[in-house]
(Lines of atoms letter the chains of each structure in order from A and count residues from 1; the text may use other names and numbers.)
(Lines give C-alpha, C1' and ligand atoms only; values in the text may rest on other atoms or scores of the structure.)
Protein backbone atom coordinates (compact mmCIF):
# COMPACT_ATOMS: atom_id res chain seq x y z
CA UNK A 1 0.00 0.00 0.00
CA UNK A 2 2.82 2.42 0.88
CA UNK A 3 4.58 1.64 -2.39
CA UNK A 4 1.40 2.25 -4.40
CA UNK A 5 0.77 5.59 -2.64
CA UNK A 6 4.34 6.74 -3.26
CA UNK A 7 4.16 5.78 -6.94
CA UNK A 8 0.88 7.69 -7.38
CA UNK A 9 2.35 10.80 -5.74
CA UNK A 10 5.46 10.53 -7.88
CA UNK A 11 3.41 10.18 -11.08
CA UNK A 12 1.29 13.19 -10.13
CA UNK A 13 4.32 15.38 -9.45
CA UNK A 14 6.02 14.33 -12.69
CA UNK A 15 2.87 15.05 -14.70
CA UNK A 16 2.48 18.48 -13.11
CA UNK A 17 6.13 19.27 -13.79
CA UNK A 18 5.88 18.20 -17.44
CA UNK A 19 2.64 20.15 -17.94
CA UNK A 20 4.21 23.32 -16.56
CA UNK A 21 7.34 22.73 -18.65
CA UNK A 22 5.34 22.31 -21.86
CA UNK A 23 3.23 25.37 -21.05
CA UNK A 24 6.33 27.46 -20.41
CA UNK A 25 7.88 26.24 -23.66
CA UNK A 26 4.77 27.16 -25.62
CA UNK A 27 4.54 30.61 -24.05
CA UNK A 28 8.14 31.61 -24.63
CA UNK A 29 8.61 30.00 -28.04
CA UNK A 30 10.92 27.32 -29.29
CA UNK A 31 13.66 29.63 -30.55
CA UNK A 32 15.24 30.41 -27.17
CA UNK A 33 17.37 28.18 -25.01
CA UNK A 34 15.83 29.72 -21.90
CA UNK A 35 12.48 28.16 -22.85
CA UNK A 36 13.34 24.90 -21.11
CA UNK A 37 14.82 26.70 -18.13
CA UNK A 38 12.34 29.27 -16.73
CA UNK A 39 13.73 32.43 -15.22
CA UNK A 40 14.53 32.27 -11.55
CA UNK A 41 12.97 34.70 -9.09
CA UNK A 42 16.35 36.43 -8.79
CA UNK A 43 16.54 36.97 -12.54
CA UNK A 44 12.95 38.19 -12.69
CA UNK A 45 13.66 40.79 -10.01
CA UNK A 46 16.72 42.21 -11.80
CA UNK A 47 14.70 44.66 -13.88
CA UNK A 48 12.76 45.83 -10.82
CA UNK A 49 16.08 46.55 -9.12
CA UNK A 50 17.42 48.31 -12.21
CA UNK A 51 16.91 51.73 -10.68
CA UNK A 52 19.27 50.77 -7.86
CA UNK A 53 22.18 50.70 -10.33
CA UNK A 54 24.30 53.85 -10.00
CA UNK A 55 24.28 54.68 -13.72
CA UNK A 56 20.48 54.35 -13.97
CA UNK A 57 19.99 56.29 -10.74
CA UNK A 58 22.00 59.12 -12.27
CA UNK A 59 19.44 59.37 -15.08
CA UNK A 60 16.72 59.27 -12.41
CA UNK A 61 18.45 62.16 -10.61
CA UNK A 62 18.60 64.11 -13.88
CA UNK A 63 14.81 63.85 -14.21
CA UNK A 64 14.42 65.06 -10.62
CA UNK A 65 16.66 68.04 -11.42
CA UNK A 66 14.48 68.80 -14.46
CA UNK A 67 11.38 68.65 -12.25
CA UNK A 68 12.97 71.14 -9.84
CA UNK A 69 13.65 73.50 -12.74
CA UNK A 70 10.03 73.15 -13.93
CA UNK A 71 8.78 74.03 -10.44
CA UNK A 72 11.18 76.94 -10.08
CA UNK A 73 10.33 78.39 -13.50
CA UNK A 74 6.60 78.10 -12.82
CA UNK A 75 6.95 79.85 -9.45
CA UNK A 76 9.06 82.64 -10.97
CA UNK A 77 6.66 83.23 -13.86
CA UNK A 78 3.64 83.21 -11.53
CA UNK A 79 5.37 85.66 -9.19
CA UNK A 80 6.18 88.01 -12.09
CA UNK A 81 2.66 87.82 -13.55
CA UNK A 82 0.62 87.77 -10.35
CA UNK A 83 2.97 89.42 -7.89
CA UNK A 84 2.63 86.42 -5.58
CA UNK A 85 3.34 82.69 -5.42
CA UNK A 86 0.51 80.66 -6.97
CA UNK A 87 0.30 77.12 -5.53
CA UNK A 88 -3.23 76.17 -6.52
CA UNK A 89 -2.60 73.18 -8.82
CA UNK A 90 -5.88 73.96 -10.54
CA UNK A 91 -5.10 71.61 -13.46
CA UNK A 92 -4.73 68.61 -11.13
CA UNK A 93 -7.91 69.56 -9.27
CA UNK A 94 -9.78 69.75 -12.58
CA UNK A 95 -8.30 66.52 -14.00
CA UNK A 96 -9.34 64.45 -10.95
CA UNK A 97 -12.73 66.10 -10.53
CA UNK A 98 -15.82 64.20 -9.28
CA UNK A 99 -13.53 61.66 -7.62
CA UNK A 100 -16.20 60.34 -5.15
CA UNK A 101 -18.32 59.30 -8.14
CA UNK A 102 -15.28 57.52 -9.58
CA UNK A 103 -14.78 55.58 -6.32
CA UNK A 104 -18.45 54.54 -6.10
CA UNK A 105 -18.51 53.41 -9.75
CA UNK A 106 -15.27 51.48 -9.31
CA UNK A 107 -16.65 49.70 -6.23
CA UNK A 108 -19.69 48.57 -8.23
CA UNK A 109 -17.46 47.32 -11.05
CA UNK A 110 -15.08 45.50 -8.73
CA UNK A 111 -17.73 43.86 -6.54
CA UNK A 112 -19.64 42.64 -9.58
CA UNK A 113 -16.43 41.20 -11.05
CA UNK A 114 -15.71 39.58 -7.71
CA UNK A 115 -19.08 37.80 -7.58
CA UNK A 116 -20.58 37.20 -11.04
CA UNK A 117 -17.79 35.33 -12.93
CA UNK A 118 -16.94 33.15 -9.93
CA UNK A 119 -20.59 32.24 -9.22
CA UNK A 120 -21.30 31.48 -12.89
CA UNK A 121 -18.23 29.25 -13.14
CA UNK A 122 -19.06 27.45 -9.88
CA UNK A 123 -22.67 26.77 -10.85
CA UNK A 124 -21.75 25.65 -14.36
CA UNK A 125 -18.91 23.44 -13.07
CA UNK A 126 -21.28 21.79 -10.58
CA UNK A 127 -23.94 21.02 -13.20
CA UNK A 128 -21.95 20.31 -16.36
CA UNK A 129 -20.29 16.93 -15.53
CA UNK A 130 -23.52 15.29 -14.36
CA UNK A 131 -26.01 16.91 -16.72
CA UNK A 132 -27.58 15.38 -19.80
CA UNK A 133 -27.93 18.85 -21.36
CA UNK A 134 -24.34 20.06 -21.27
CA UNK A 135 -24.56 22.20 -24.40
CA UNK A 136 -27.64 24.00 -23.05
CA UNK A 137 -26.00 24.75 -19.71
CA UNK A 138 -22.82 25.93 -21.44
CA UNK A 139 -24.70 28.27 -23.79
CA UNK A 140 -26.75 29.62 -20.87
CA UNK A 141 -23.72 30.29 -18.66
CA UNK A 142 -21.75 31.80 -21.55
CA UNK A 143 -24.66 34.05 -22.51
CA UNK A 144 -25.06 35.29 -18.94
CA UNK A 145 -21.32 36.01 -18.73
CA UNK A 146 -21.34 37.95 -22.01
CA UNK A 147 -24.47 39.83 -20.91
CA UNK A 148 -22.80 40.76 -17.63
CA UNK A 149 -19.58 41.90 -19.30
CA UNK A 150 -21.50 43.88 -21.89
CA UNK A 151 -23.85 45.66 -19.47
CA UNK A 152 -22.10 45.91 -16.09
CA UNK A 153 -18.47 46.14 -17.19
CA UNK A 154 -18.99 47.52 -20.68
CA UNK A 155 -21.96 49.89 -20.56
CA UNK A 156 -22.03 51.12 -16.93
CA UNK A 157 -18.58 52.82 -16.71
CA UNK A 158 -18.93 54.34 -20.17
CA UNK A 159 -22.41 55.67 -19.34
CA UNK A 160 -21.18 57.20 -16.06
CA UNK A 161 -18.26 58.89 -17.84
CA UNK A 162 -20.34 60.34 -20.68
CA UNK A 163 -23.43 61.20 -18.64
CA UNK A 164 -21.52 63.12 -15.95
CA UNK A 165 -18.85 64.62 -18.19
CA UNK A 166 -15.97 63.37 -16.05
CA UNK A 167 -12.61 65.14 -16.56
CA UNK A 168 -9.73 63.28 -18.24
CA UNK A 169 -7.87 61.75 -15.26
CA UNK A 170 -11.09 60.51 -13.65
CA UNK A 171 -12.12 59.06 -17.01
CA UNK A 172 -8.82 57.24 -17.41
CA UNK A 173 -9.19 55.66 -13.96
CA UNK A 174 -12.63 54.23 -14.72
CA UNK A 175 -12.04 53.18 -18.34
CA UNK A 176 -8.65 51.57 -17.69
CA UNK A 177 -10.12 49.71 -14.71
CA UNK A 178 -12.98 48.64 -16.94
CA UNK A 179 -10.54 47.16 -19.45
CA UNK A 180 -8.44 45.56 -16.69
CA UNK A 181 -11.42 43.85 -15.03
CA UNK A 182 -12.72 42.55 -18.37
CA UNK A 183 -9.30 41.07 -19.14
CA UNK A 184 -9.06 39.56 -15.63
CA UNK A 185 -12.51 37.98 -15.82
CA UNK A 186 -11.76 36.54 -19.26
CA UNK A 187 -8.48 35.03 -18.07
CA UNK A 188 -10.13 33.46 -15.01
CA UNK A 189 -12.88 31.84 -17.09
CA UNK A 190 -10.53 30.88 -19.93
CA UNK A 191 -8.07 29.10 -17.62
CA UNK A 192 -10.68 27.18 -15.59
CA UNK A 193 -13.21 26.09 -18.20
CA UNK A 194 -10.82 23.47 -19.72
CA UNK A 195 -10.48 21.89 -16.25
CA UNK A 196 -14.21 21.30 -16.06
CA UNK A 197 -14.35 20.04 -19.63
CA UNK A 198 -11.63 17.51 -18.86
CA UNK A 199 -13.63 15.91 -16.02
CA UNK A 200 -15.02 12.44 -16.54
CA UNK A 201 -18.76 12.32 -17.29
CA UNK A 202 -21.11 12.03 -14.30
CA UNK A 203 -18.27 12.80 -11.87
CA UNK A 204 -18.38 16.29 -10.43
CA UNK A 205 -15.19 17.52 -8.82
CA UNK A 206 -15.16 20.58 -6.59
CA UNK A 207 -11.39 20.94 -7.12
CA UNK A 208 -12.02 21.98 -10.73
CA UNK A 209 -13.07 25.42 -9.45
CA UNK A 210 -10.40 27.41 -7.59
CA UNK A 211 -10.95 28.65 -4.08
CA UNK A 212 -12.57 32.05 -3.70
CA UNK A 213 -9.46 33.41 -1.96
CA UNK A 214 -7.36 32.48 -5.01
CA UNK A 215 -9.71 34.48 -7.23
CA UNK A 216 -9.60 37.50 -4.89
CA UNK A 217 -5.80 37.41 -4.88
CA UNK A 218 -5.77 37.28 -8.68
CA UNK A 219 -8.00 40.35 -8.97
CA UNK A 220 -5.50 42.42 -6.99
CA UNK A 221 -2.30 40.77 -8.27
CA UNK A 222 -0.30 42.73 -10.90
CA UNK A 223 -0.88 40.14 -13.62
CA UNK A 224 -3.58 39.44 -16.22
CA UNK A 225 -2.92 35.68 -16.46
CA UNK A 226 -4.75 33.54 -13.90
CA UNK A 227 -2.83 30.84 -12.05
CA UNK A 228 -3.79 28.96 -8.91
CA UNK A 229 -0.44 29.79 -7.36
CA UNK A 230 2.18 32.47 -7.94
CA UNK A 231 5.74 32.79 -6.62
CA UNK A 232 5.58 34.59 -3.27
CA UNK A 233 8.15 36.59 -1.33
CA UNK A 234 8.62 35.82 2.37
CA UNK A 235 7.88 39.33 3.71
CA UNK A 236 6.57 42.80 2.86
CA UNK A 237 8.89 45.81 2.76
CA UNK A 238 6.52 48.60 3.72
CA UNK A 239 9.21 51.23 3.26
CA UNK A 240 9.59 50.08 -0.34
CA UNK A 241 5.80 50.34 -0.82
CA UNK A 242 5.72 53.88 0.57
CA UNK A 243 8.62 54.89 -1.69
CA UNK A 244 6.88 53.58 -4.81
CA UNK A 245 3.58 55.31 -4.03
CA UNK A 246 5.40 58.58 -3.29
CA UNK A 247 7.14 58.26 -6.67
CA UNK A 248 3.75 57.83 -8.36
CA UNK A 249 2.57 61.01 -6.65
CA UNK A 250 5.75 62.77 -7.76
CA UNK A 251 5.09 61.68 -11.37
CA UNK A 252 1.62 63.27 -11.21
CA UNK A 253 3.12 66.60 -10.21
CA UNK A 254 5.79 66.14 -12.86
CA UNK A 255 3.09 65.68 -15.52
CA UNK A 256 1.30 68.75 -14.16
CA UNK A 257 4.34 70.95 -14.68
CA UNK A 258 4.98 69.48 -18.14
CA UNK A 259 1.49 70.45 -19.29
CA UNK A 260 1.60 73.84 -17.55
CA UNK A 261 5.01 74.87 -18.91
CA UNK A 262 5.28 73.03 -22.25
CA UNK A 263 1.80 72.19 -23.54
CA UNK A 264 -0.90 74.63 -22.46
CA UNK A 265 0.89 77.88 -23.47
CA UNK A 266 1.84 76.44 -26.87
CA UNK A 267 -1.51 74.97 -27.84
CA UNK A 268 -3.57 77.82 -26.44
CA UNK A 269 -1.72 80.22 -28.77
CA UNK A 270 -1.72 77.84 -31.75
CA UNK A 271 -5.47 77.29 -31.43
CA UNK A 272 -5.98 80.99 -32.17
CA UNK A 273 -4.08 80.71 -35.46
CA UNK A 274 -4.86 79.13 -38.82
CA UNK A 275 -3.68 75.51 -38.64
CA UNK A 276 -1.82 75.05 -41.94
CA UNK A 277 1.01 72.69 -42.95
CA UNK A 278 3.71 74.95 -41.47
CA UNK A 279 1.90 75.16 -38.14
CA UNK A 280 1.38 71.39 -38.23
CA UNK A 281 5.10 70.65 -38.69
CA UNK A 282 6.15 73.12 -35.99
CA UNK A 283 3.50 71.75 -33.64
CA UNK A 284 4.70 68.15 -34.06
CA UNK A 285 8.34 68.97 -33.43
CA UNK A 286 7.54 71.25 -30.50
CA UNK A 287 5.45 68.44 -29.01
CA UNK A 288 8.22 65.83 -29.09
CA UNK A 289 9.79 66.92 -25.79
CA UNK A 290 6.59 66.90 -23.71
CA UNK A 291 5.46 63.73 -25.50
CA UNK A 292 8.66 61.87 -24.64
CA UNK A 293 8.56 63.09 -21.04
CA UNK A 294 4.96 61.91 -20.68
CA UNK A 295 5.96 58.53 -22.17
CA UNK A 296 8.77 58.10 -19.63
CA UNK A 297 6.52 59.21 -16.77
CA UNK A 298 3.77 56.77 -17.75
CA UNK A 299 6.29 53.94 -17.92
CA UNK A 300 7.98 54.80 -14.63
CA UNK A 301 4.80 55.63 -12.68
CA UNK A 302 2.68 52.66 -13.73
CA UNK A 303 4.86 49.81 -14.99
CA UNK A 304 7.62 50.33 -12.43
CA UNK A 305 6.25 52.08 -9.33
CA UNK A 306 2.54 51.20 -9.23
CA UNK A 307 2.85 47.54 -10.18
CA UNK A 308 5.88 46.99 -7.94
CA UNK A 309 4.06 48.58 -5.01
CA UNK A 310 1.10 46.20 -5.35
CA UNK A 311 3.43 43.28 -5.98
CA UNK A 312 5.26 44.06 -2.74
CA UNK A 313 2.05 44.37 -0.71
CA UNK A 314 0.83 41.03 -2.07
CA UNK A 315 4.29 39.41 -1.78
CA UNK A 316 4.00 38.73 -5.53
CA UNK A 317 7.35 37.32 -6.61
CA UNK A 318 7.27 37.67 -10.41
CA UNK A 319 8.27 41.29 -11.12
CA UNK A 320 8.73 40.90 -14.88
CA UNK A 321 6.38 43.80 -15.75
CA UNK A 322 8.66 45.04 -18.52
CA UNK A 323 11.94 44.11 -20.14
CA UNK A 324 14.76 46.20 -21.56
CA UNK A 325 12.58 47.80 -24.24
CA UNK A 326 14.98 50.77 -24.46
CA UNK A 327 17.59 48.45 -26.03
CA UNK A 328 15.23 47.29 -28.77
CA UNK A 329 16.55 47.36 -32.32
CA UNK A 330 13.15 46.46 -33.79
CA UNK A 331 9.58 47.43 -33.15
CA UNK A 332 8.69 43.75 -32.93
CA UNK A 333 10.91 43.45 -29.86
CA UNK A 334 9.67 46.78 -28.49
CA UNK A 335 6.05 45.60 -28.60
CA UNK A 336 7.01 42.45 -26.67
CA UNK A 337 9.07 44.17 -23.98
CA UNK A 338 7.39 47.54 -23.33
CA UNK A 339 4.43 46.15 -21.37
CA UNK A 340 4.91 42.45 -20.62
CA UNK A 341 1.71 42.27 -18.53
CA UNK A 342 -0.57 43.19 -21.44
CA UNK A 343 1.61 41.41 -24.02
CA UNK A 344 1.23 38.10 -22.16
CA UNK A 345 -2.57 38.45 -22.17
CA UNK A 346 -2.65 39.24 -25.89
CA UNK A 347 -0.29 36.35 -26.61
CA UNK A 348 -2.22 33.76 -24.58
CA UNK A 349 -5.82 34.72 -25.32
CA UNK A 350 -5.72 36.39 -28.75
CA UNK A 351 -2.68 35.13 -30.66
CA UNK A 352 -2.53 31.53 -29.37
CA UNK A 353 -6.30 31.03 -29.28
CA UNK A 354 -6.60 32.33 -32.83
CA UNK A 355 -3.91 29.88 -33.96
CA UNK A 356 -5.70 27.09 -32.08
CA UNK A 357 -9.01 27.87 -33.82
CA UNK A 358 -7.33 28.01 -37.24
CA UNK A 359 -5.09 24.99 -36.57
CA UNK A 360 -1.94 27.16 -36.78
CA UNK A 361 -2.42 27.99 -40.44
CA UNK A 362 -2.66 31.81 -40.37
CA UNK A 363 0.11 33.28 -38.22
CA UNK A 364 0.12 36.59 -40.10
CA UNK A 365 -3.63 36.88 -39.61
CA UNK A 366 -3.20 36.12 -35.91
CA UNK A 367 -0.70 38.97 -35.62
CA UNK A 368 -3.10 41.26 -37.48
CA UNK A 369 -5.88 40.36 -35.05
CA UNK A 370 -3.59 41.19 -32.10
CA UNK A 371 -2.75 44.59 -33.58
CA UNK A 372 -6.42 45.27 -34.32
CA UNK A 373 -7.57 44.42 -30.79
CA UNK A 374 -4.81 46.54 -29.27
CA UNK A 375 -5.48 49.48 -31.59
CA UNK A 376 -9.26 49.40 -31.02
CA UNK A 377 -8.89 49.27 -27.22
CA UNK A 378 -6.33 52.10 -27.19
CA UNK A 379 -8.54 54.27 -29.40
CA UNK A 380 -11.64 53.44 -27.35
CA UNK A 381 -9.90 54.55 -24.14
CA UNK A 382 -8.71 57.83 -25.66
CA UNK A 383 -12.05 58.58 -27.37
CA UNK A 384 -14.08 58.10 -24.19
CA UNK A 385 -11.63 59.94 -21.93
CA UNK A 386 -11.07 62.93 -24.24
CA UNK A 387 -14.70 63.15 -25.30
CA UNK A 388 -14.13 63.10 -29.06
CA UNK A 389 -13.33 60.62 -31.83
CA UNK A 390 -10.00 61.32 -33.53
CA UNK A 391 -8.40 57.97 -34.52
CA UNK A 392 -4.77 59.10 -34.47
CA UNK A 393 -3.69 56.28 -32.15
CA UNK A 394 -5.62 53.73 -34.22
CA UNK A 395 -3.95 54.87 -37.46
CA UNK A 396 -0.50 54.83 -35.87
CA UNK A 397 -1.10 51.30 -34.58
CA UNK A 398 -2.71 49.79 -37.66
CA UNK A 399 -0.70 51.59 -40.37
CA UNK A 400 2.74 52.54 -39.13
CA UNK A 401 2.81 50.02 -36.28
CA UNK A 402 2.08 47.08 -38.58
CA UNK A 403 4.60 48.25 -41.20
CA UNK A 404 7.35 48.83 -38.65
CA UNK A 405 6.62 45.46 -37.06
CA UNK A 406 7.51 43.70 -40.31
CA UNK A 407 10.16 46.10 -41.67
CA UNK A 408 11.98 46.67 -38.37
CA UNK A 409 11.85 43.01 -37.33
CA UNK A 410 14.07 40.89 -35.10
CA UNK A 411 16.65 40.41 -37.86
CA UNK A 412 17.63 44.05 -37.50
CA UNK A 413 20.64 44.28 -35.21
CA UNK A 414 23.16 46.95 -34.36
CA UNK A 415 23.09 50.39 -32.73
CA UNK A 416 21.78 52.17 -35.84
CA UNK A 417 18.47 50.30 -35.61
CA UNK A 418 18.10 51.29 -31.98
CA UNK A 419 18.60 54.92 -33.04
CA UNK A 420 15.96 54.53 -35.76
CA UNK A 421 13.55 52.94 -33.28
CA UNK A 422 13.99 55.84 -30.82
CA UNK A 423 13.66 58.45 -33.58
CA UNK A 424 10.37 57.01 -34.82
CA UNK A 425 9.11 56.59 -31.25
CA UNK A 426 9.88 60.24 -30.46
CA UNK A 427 8.19 61.40 -33.66
CA UNK A 428 5.10 59.31 -32.88
CA UNK A 429 4.81 60.87 -29.42
CA UNK A 430 5.03 64.33 -30.96
CA UNK A 431 2.23 63.49 -33.41
CA UNK A 432 0.00 62.17 -30.63
CA UNK A 433 0.48 65.15 -28.32
CA UNK A 434 0.12 67.66 -31.15
CA UNK A 435 -3.00 66.30 -32.84
CA UNK A 436 -4.91 65.35 -29.70
CA UNK A 437 -4.12 68.70 -28.05
CA UNK A 438 -5.21 70.58 -31.18
CA UNK A 439 -8.48 68.66 -31.26
CA UNK A 440 -9.01 69.21 -27.51
CA UNK A 441 -8.84 73.01 -27.88
CA UNK A 442 -10.83 72.98 -31.13
CA UNK A 443 -13.66 71.12 -29.38
CA UNK A 444 -13.80 73.94 -26.80
CA UNK A 445 -13.18 76.97 -29.02
CA UNK A 446 -15.51 75.84 -31.83
CA UNK A 447 -18.43 73.98 -30.21
CA UNK A 448 -21.39 72.74 -32.24
CA UNK A 449 -24.72 73.12 -30.49
CA UNK A 450 -26.51 70.19 -32.15
CA UNK A 451 -23.86 68.05 -33.86
CA UNK A 452 -24.89 65.42 -36.38
CA UNK A 453 -23.38 61.95 -36.49
CA UNK A 454 -21.00 63.12 -39.23
CA UNK A 455 -19.91 66.07 -37.05
CA UNK A 456 -18.99 63.63 -34.26
CA UNK A 457 -16.77 61.65 -36.62
CA UNK A 458 -15.12 64.64 -38.35
CA UNK A 459 -12.20 66.22 -36.44
CA UNK A 460 -13.17 69.72 -35.26
CA UNK A 461 -9.60 71.02 -35.66
CA UNK A 462 -9.89 70.66 -39.44
CA UNK A 463 -12.63 73.30 -39.67
CA UNK A 464 -12.03 75.47 -36.60
CA UNK A 465 -10.74 78.89 -37.79
CA UNK A 466 -9.44 81.96 -35.93
CA UNK A 467 -12.61 83.85 -36.93
CA UNK A 468 -14.73 81.17 -35.29
CA UNK A 469 -12.55 81.32 -32.19
CA UNK A 470 -12.97 85.07 -31.93
CA UNK A 471 -16.72 84.83 -32.36
CA UNK A 472 -16.96 82.18 -29.67
CA UNK A 473 -14.77 84.20 -27.29
CA UNK A 474 -16.89 87.32 -27.87
CA UNK A 475 -20.04 85.35 -27.29
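Start at 1 and count along the chain as shown; that gives each residue its number.
Glycine is no exception: its Cβ is also placed from the backbone N, Cα and C atoms.
Taken from TrEMBL, the feature transmembrane segment covers 59-80 (among others).
The transmembrane segment feature in TrEMBL is assigned to 100-124 (among others).
Look at TrEMBL and you will find 136-160 (among others) tagged as transmembrane segment. Residues 101, 105, 108-109, 112-113, 116-117, 120-121, 123-124, 127-128, 166, 174-175, 177-178, 181-182, 185, 189, 384 of the same chain lie 6+ residues outside the transmembrane segment (136-160) yet bring a C-beta within less than 8 angstroms of a C-beta in it.
Positions annotated as transmembrane segment by TrEMBL: 238-259 (among others).
What TrEMBL lists as transmembrane segment is 280-311 (among others).
What TrEMBL lists as transmembrane segment is 331-350 (among others).
Sequence annotations record features per position, and here TrEMBL assigns transmembrane segment to 362-382 (among others). Sequence-remote contacts of a segment are chain residues at least 6 beyond its ends whose Cβ falls under 8 Å from one of its Cβ atoms, and for the transmembrane segment (362-382) they are 172, 175-176, 179, 346-347, 350-351, 354-355, 391, 393-394, 397-398, 401-402, 405, 436.
The active site annotation in TrEMBL covers 378. Residues within less than 8 Å, Cβ to Cβ, of residue 378 (active site) and separated from it by at least 6 positions along the same chain comprise 393, 394, 397.
If you look up TrEMBL, you'll see 388-407 (among others) marked as transmembrane segment.
Sequence annotations record features per position, and here TrEMBL assigns transmembrane segment to 419-438 (among others). Taking Cβ pairs closer than 8 Å, the transmembrane segment (419-438) reaches residues 263, 267, 270-271, 275, 280, 283-288, 290-292, 294-295, 328-331, 334, 382, 386, 390, 392-393, 396, 400, 404, 408, 461 in its own chain, all 6 or more past its ends.
The transmembrane segment (238-259) makes no contact with the transmembrane segment (388-407), as judged by fewer than three Cβ pairs under 8 Å among residues 6 or more apart in sequence.
Within its own chain, the transmembrane segment (280-311) is flanked in space by residues 48, 51, 63, 220-222, 240-241, 244-245, 247-248, 251-252, 254-255, 258-259, 262-263, 266-267, 270, 317-319, 321-322, 338-339, 341, 425-427, 429-434, 437-438, which lie at least six positions past its ends and keep a Cβ under 8 Å from the stretch. Remote same-chain residues near the transmembrane segment (59-80) are listed as 51, 86, 250, 253-254, 257-258, 260-261, 296 (criterion: CB distance under 8 Å, separation of at least six residues from the stretch ends).
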